[in-house]
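**Student:** I am attaching a structure below and will ask some questions about it afterwards.
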Amino acid sequence: MVSIHQISLRRLCRLFALVFRHNRHCSNSSKNRSAQTWRSVVGLEIHAQIQSESKLFSGASTKYAGSTNTQVSIFDAAIPGTLPVLNRRCIEAGVRTAGALGCKISQVSKFDRKHYFYADLPTGYQITQQRHPLARDGKVKYLVYNTDNWNKYNWKTASIIQLQIEQDSGKSLHDADRNRSLIDLNRAGVGLMEIVTAPDFTDGEDASSFVRELVLILRRLETCSGKMEEGALRVDANISVHRPGEPLGVRTEIKNLNSIRSVGRAIDYEIKRQIAELESGREIVNETRSFDAQSGQTIAMRDKEKLQDYRFMPEPNLLPVFLYDSKSVPMGVDRASVIVIDNLLQGLPPAPSESYERIHKDHKISIRNCVILVNEDGLLKMFDDIIEKRDAKALTNFLITDFLGVTHARNINLLQSPVPLRHIADLFDMKTDRCISNDNISQVLELMFDFPDKTPAEIVKEKQLDNIQDTEVLRAECEKTLLKHPDVVQRWKVSQQKEKKGRQDPVIKLVNTTMTALKNRADPLVLISIFEKLLSKK
Amino acid sequence: MLSLTLKEVVHQIQQGKICAKELCEKCIARAARVKELNAFTTETHTIAKNQASASAERQATLATLPLDGVPVAVKDNFCTKGIRTTCASRMLENFVPPYNATMVEKLLSNGACLVGKTNLDEFGMGCGSIDSIYGPVRNPWKYHFISQSLTEAGLQFGGKEPHAMTYSQLKARGIHMSAQSRSKVLRQTRETETMTADGHCGDDWYIAGGSSGGSAVAVASGVCFGALGSDTGGSVRNPASYCGVVGFKPTYGRLSRHGLIPLVNSLDVPGIFTKTVDDAAILFNHLAGHDVNDSTTVTDPFHQQDLSDISIKDLCIGIPKEYHSPGLSEEILNAWKWAADLFEKAGAKVVPVSLPHTQYSIVCYSVLCCCEVSSNMARYDGIEFGYRAENNESTEELNAASRHYGFNDVVQGRIFAGNYFLLRQNYEKYFMKAQRVRRLISEDFHKVYSKKVDILLTPTTPTEAPLYSWFSEQDNRTRTAEQDVYTQPVNMAGIPAVNVPVRLSKAGLPVSLQLIGQSFKDHDLLTVARWLEQQVQFPRLDLSYLD
Amino acid sequence: MELNAMIAAKRIATCTRNVRQKLQLNNYFSSKVPDVPTWVPIDKEKLPKVPELDEAMVNHLERLSLVKFNNQAGVERLYKAIEYANQLHMVDTEGVEPLDSVLENRSVYLREDKVTDGNCLKDILQNASQTVEDYFVAPPGNIPLKSSDRKSLK
């Protein structure tokens, strides 16, 4: 510890500022010193809509934003006498997801009814899996990172308690003016995977990093779109706080968090709220709360006195789901009519954490760039296909800055890019060989998108975008610039005299001007060396 | 014509000896004569006539369907597209399903004509068919029809049909009778002049049994040749026993429940009422098979089979001793003994067997039934369908008010009990316990069958049809506990069973017995039942004197 | 001696014929049906007691059922149902697995993932008492039922 007297006032101020900022970012923060001793425990229940054409127990469509009540079968509307019929695809999606999450898949899986009354639940019960879920006991390794500080990252592992298949509910729109709810059952009966984690998370950043990772996993598997903005993935968080050494505190549940940012903010707010309550001598009530994104606060949702008893009961209209591996399929059973898990677990895409680790280790790519490469659909594959013996860092930068820049500007998905991979690789090579300046790269790229049949070399030749190699031409242009900007030359002379290392600024200005004149058809490094030589003669 | 069997009718229609339209008209006329039995909740005479016309057209072109022109009735808990399906409850009084139950679809696509939807205990809860918003169903056996009385009393009404009216209804219409006629009518119908709430002047009659009483009566009274019911704890076999008709409950999983508004999903089976076992087999052949809309139907291939004669000597009939319970009447006991001896005399091996958990079956049923009921009834909230109260304070208040008005006491009582048994603290003690007992009951049967017993012979009901006055003295649960005692264990095991009327009691009421078979050996069971039927030559009810 | 034997044989034959005739008159050849009821009476003392159905329990059940008990008769009916169900405890179910379905050893039927239903707005809405622009209508939710006054049943 450095004593206060030894540090200058300025440094002291800086130190305080750092601590201040750190405390603000830190999730267990509070201005009270005692707050630092609280531990927070967070567990998640994630509801992920299964990417299937039809619903879990009926043949109605699952498309998003369909016209009101047009994607509803008589079963979904709970018309009396109708019965559930299980969609094979939903179980297969569950099995693949469970495999990717490292879970053990149950040999026998059953459905149950969970009873409660709500207007968007027409049958008065939800068909779910309480006793015999599809899979249990998984582990997911994930990267916890902070977009404000890319140096602060670490690897964690979360435990998955179980994965179960269940029905989604309909939607109710609250018409406050007329004091009523309007019910649309389009979503009722869509298949969900409920993924229940152990209470392994400590704060909002931790939990939201996990959710981010999970969304990536699901998208890679194509078992869920992960589009939280469409409600395809929702998160419920269970949060409690306690002092170290004491038992776990009473927990609250925050329901329906529908963005990664909300997950982080809601959890952090709730932790702070609970700490504040407990420190004021009050108790935490075991209740359900919702998150108001506008105010950033959690609000009590349900009646606190209402003890909810779901009265689980086996679903009598669905027989057990038997899951076999190829060796255990019984004799005489038609394989097409049962689920054989080997086939489903073959060829699972690698986990995002594996991808991060691989490119970070093998190619020494920074964590920030690893995250971008992995999170952008199709980008990692592009990288893997092009890399060969090329410079990984440079390629990453090229893809992220140049290539993605164009796709984002055009608002198209990378996977929809019409440009052949070969051409992108060629362009990158041209960049590496400094045949074409960075400024012209984007122009070439735009043209490559517009004319995907043409190679970059063709485009460059056609539009005359390649760097001028003839040093005489370059020198002549540089001298022209010098003549046009004597003030800059003067500035350079002044900076030289002061022996400051500010010589770059005037030179850069000269280079930029020359580049513009040359229509960016020059290598700035070459120009710099030319200018340095010319200026030194002045 | 109406005393023919379904098999005979099918044959004669195909031969052109009977016209489908004429047959339909006759059935409709009979329905009017026996209207006071209250077997129907909804009559679909126009539809039936149209279907009969279509059948007649097909007859002309020789492109006939297997059940062409056969009038049938369907219990009012099977969904019928465009035709109100009420389950005899206020909750569904105005419910018109947008689809046909698979069973209904199969009947219609085979050319049958739907005469009407039959009356039942509300939502299938009961064994008397008396708890219905449409009033109770009356057993046609020993029933004094008002029309018969009036004809005997020599009354004429200027062409108007008096058949469907009771004394009180005649009185209400201002129809004047002489004192002599009046007392004769009252005597013969055993009415008194005291009006009761349901307007039937305190008359007494025999109950039809339940919960599919209406369907049993429809067949027994000659209004149709086959009817569908549903059997959860005996709801087909019980009324079949009291009404003297064949009531067949196939193996669970053979017939589709898609469109059958459920009572207990794991026990319900659509059931068949007919006059003879052959008729039941014909309907069964056309109704059975896998349905993609019902995941509890088996995918095993189903082969239609005609019943053939059998060699009784190769059979082993089991007599389960526990089916002599307290409450078994002497009439039924004697009939049981008589039938056992019939088999033995014919050379079959008749052995006493034991199904030790029989006496707990009805208790087990009461728990499982209440639990499933509380679950199945959860959808009746008045929002998507069903009765909707005026209360708009909150969803909870609306639901409660709708359900309070929509459900009778029996249904409400079962919902409470079911929710009680399913509470977290009670689940293990009651629901799971009942499920374990159910397995023991089911295993009892399997153990017996594994010891070379082919078929079991038991009573169907403890007594012949009881009087309404006696039956209504006790509540629904008590009566179910008494009356369903022999039929209920069969549903626990999911095995097939059939009620065969064997003779008349001293009082002139039908006495029937039950044959219980093995899973998915429905045809074997029916074959034995047919043999028994041929031996006993039961005198079927003939109401042609009313026509 | 021979005559004695003949008389004896004749007597036996007559006796047997008489017995057979008597049996036939009673219509019973040889019956396997038990003559008397075989049920085991249940000792009510051995059954668990029905717990008190106090107001809290009644309110709780009302909210879970969304039906009101309405009167004392309803509570009594429940009491009797529980008392009746308690008879199950007389059965020894040690080591017995619960039975969900008689078809428990069969695998569930699986449907292919195709859109085959839906697009039947009219069918879906036709039985609803109230609809607004293709929506179902419900009052605001999540307000618990008002509990009625009642005394507990002992």
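These residue numbers are counts, starting from 1, taken along the chain as shown.
Every residue gets a Cβ built from N, Cα and C, even glycine.
Those TrEMBL annotations? Automatic predictions, nothing curated.
Heads up, here are the entries from TrEMBL:
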- B:Lys75: active site, charge relay system (ACT_SITE)
- B:Ser211: active site, charge relay system (ACT_SITE)
- B:Ser235: active site, acyl-ester intermediate (ACT_SITE)
- B:22-145: domain 'Amidase' (DOMAIN)
- B:204-526: domain 'Amidase' (DOMAIN)
**Student:** For B:Ser211 (active site, charge relay system), just count the other CB atoms lying within 10 A of its CB, please.
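**Tutor:** Result for B:Ser211 (active site, charge relay system): 37 neighbouring Cβ atoms inside 10 Å.
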**Student:** Could you find out if DSSP has B:Ser211 (active site, charge relay system) as helix, strand or coil?
**Tutor:** coil
**Student:** Please work out the number of neighbouring Cβ atoms within 10 Å of the Cβ of B:Ser235 (active site, acyl-ester intermediate), leaving out its own Cβ.
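**Tutor:** So the number of other Cβ atoms within 10 Å of B:Ser235 (active site, acyl-ester intermediate) is 37.
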**Student:** Using DSSP, tally how many residues of the domain 'Amidase' (B:22-145) sit in helix, strand and coil.
**Tutor:** 46 helix, 19 strand, 59 coil
**Student:** So, three-state DSSP: helix, strand or coil for the residue listed as 'active site, acyl-ester intermediate'?
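**Tutor:** The three-state answer is coil.
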**Student:** Just how many other Cβ atoms lie inside 10 Å of the Cβ on B:Lys75 (active site, charge relay system)?
**Tutor:** 33
**Student:** What whole-number Å value do you get for the CA-CA distance of B:Lys75 (active site, charge relay system) and the residue listed as 'active site, acyl-ester intermediate'?
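**Tutor:** Computed Cα spacing between B:Lys75 (active site, charge relay system) and the residue listed as 'active site, acyl-ester intermediate' is 11 Å.
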**Student:** Pop the Cα-Cα gap between B:Ser211 (active site, charge relay system) and the residue listed as 'active site, acyl-ester intermediate' into the table, whole Å please.
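**Tutor:** The residue listed as 'active site, acyl-ester intermediate' and B:Ser211 (active site, charge relay system) have their Cα atoms 5 Å apart.
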